[in-house]
Amino acid sequence: MATNIAINGMGRIGRMVLRIALNNKNLNVKAINASYPPETIAHLLNYDTTHGVYDKKVEPIESGIKVNGHEIKLLSDRNPENLPWNEMDIDVVIEATGKFNHGDKAVAHINAGAKKVLLTGPSKGGDVQMIVKGVNDNQLDIDTYDIFSNASCTTNCIGPVAKVLNDKFGIINGLMTTVHAITNDQKNIDNPHKDLRRARSCNESIIPTSTGAAKALKEVLPEVEGKLHGMALRVPTKNVSLVDLVVDLEQNVTVTQVNDAFKNADLSGVLDVEEAPLVSVDFNTNPHSAIIDSQSTMVMGQNKVKVIAWYDNEWGYSNRVVEVADKIGQLIDDKAMVKAI
């Protein structure tokens, strides 16, 4: 039985999630909630500067949009409690506005009749379970939680990388830097922002700023709590980022041993290893959470290791959102079947 999905928000992540979800036969996208007319949404789905022309035909219709004959209802209400999730039998709402990334706010979707909610960003509080595929998705608990967080794109990258290193060699401590493409949170031209560096034009500078990725990692990989810290460098590219991770390990290692650990990790679809000398644009629209740049792996003093991992911060992350939503839906179905017996 297909999982009924609704997407709240049609920004960068919302549109990428919709494109990907429509290729998943386990999911039935029934509705989107956005403040734009169907003509605008259809156009932005059909033509994307970063990820290219969509391979499906999206048309605006009176009730919303039609994608290759599949009709999706368009709603426009800024208050999630007013949305007809109960009437539409919505199993999972993918919350992609960024405005309800707190359990106490996201619960509005539950009050409207949705069974579960998946946040497309780290939770800012409340009763929310954070999930990173390849790290703790086997602990997804629909009996205890109604609201889930897919963490951030950077946590989805560093999570599997840190897990492999910690499981195989043990992490003593480390520092990470994400070299991150520009995002909607930055300014095209100098304008006020609570982070004075992010107030500066994103197209003109490398901008040092904060990231919560290393701190959030303890939520999904508690074994490394207190062992990792990090920062971000925002760079003037439109997409694709990387994590530069330097750790001290409990064991002495070689470059080959480190790269082999990633190659042999049971993380198909989540973590990949690239041996060619590629650059960021080559990873655009790559679906993995992390792609190890094997040529950049370094070892100093036998146990200090530097690893570079690429990630498409839009497409890779959105793939994980869809996969986690799919898993939540499957668990809902399994629970319903047990009750029916």
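Just so it is clear, glycine is given a Cβ too, placed from its N, Cα and C backbone atoms.
Under the heading NAD(+) binding site, Swiss-Prot lists Arg12, Ile13, Arg78, Thr120, Asn184, Asn313. Per Swiss-Prot, D-glyceraldehyde 3-phosphate binding site is recorded for Ser152, Cys153, Thr154, Thr183, Arg198, Thr211, Gly212, Arg234. Summarising the annotation, Swiss-Prot assigns active site, nucleophile to Cys153. According to Swiss-Prot, the site 'Activates thiol group during catalysis' annotation covers His180.
Location within the structure of each feature annotated in Swiss-Prot.
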residue	record	contacts (Cβ under 8 Å, 6+ apart)
Arg12	NAD(+) binding site	Thr183, Asn184, Glu314
Arg78	NAD(+) binding site	Ser35
Thr120	NAD(+) binding site	Gly9, Ile13, Gly14, Val17, Ile94, Glu95, Ala96, Gly98, Asn150, Tyr317, Ser318, Val321
Cys153	D-glyceraldehyde 3-phosphate binding site	Ser241, Tyr311, Asn313, Glu314, Gly316, Tyr317
Thr154	D-glyceraldehyde 3-phosphate binding site	Thr178, His180, Thr211, Ala213, Ala232, Ser241, Val243, Tyr311, Asn313
Arg198	D-glyceraldehyde 3-phosphate binding site	Asp185, Gln186, Lys187, Ile207, Thr209, Arg234
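Here NAD(+) is bound by Arg12, Ile13, Arg78, Thr120, Asn184, Asn313 per the record. The longest Cα to Cα distance in that group is 26 Å. Of all the binding-site residues given, namely Ser152, Thr183, Thr211, Asn313, the one with the smallest number of surrounding CB atoms inside 10 A is Thr183.
Around Gly212 (D-glyceraldehyde 3-phosphate binding site), the same-chain residues six or more apart in sequence whose CB sits under 8 Å from its CB are Pro122, Ser152, Thr155, listed in sequence order.
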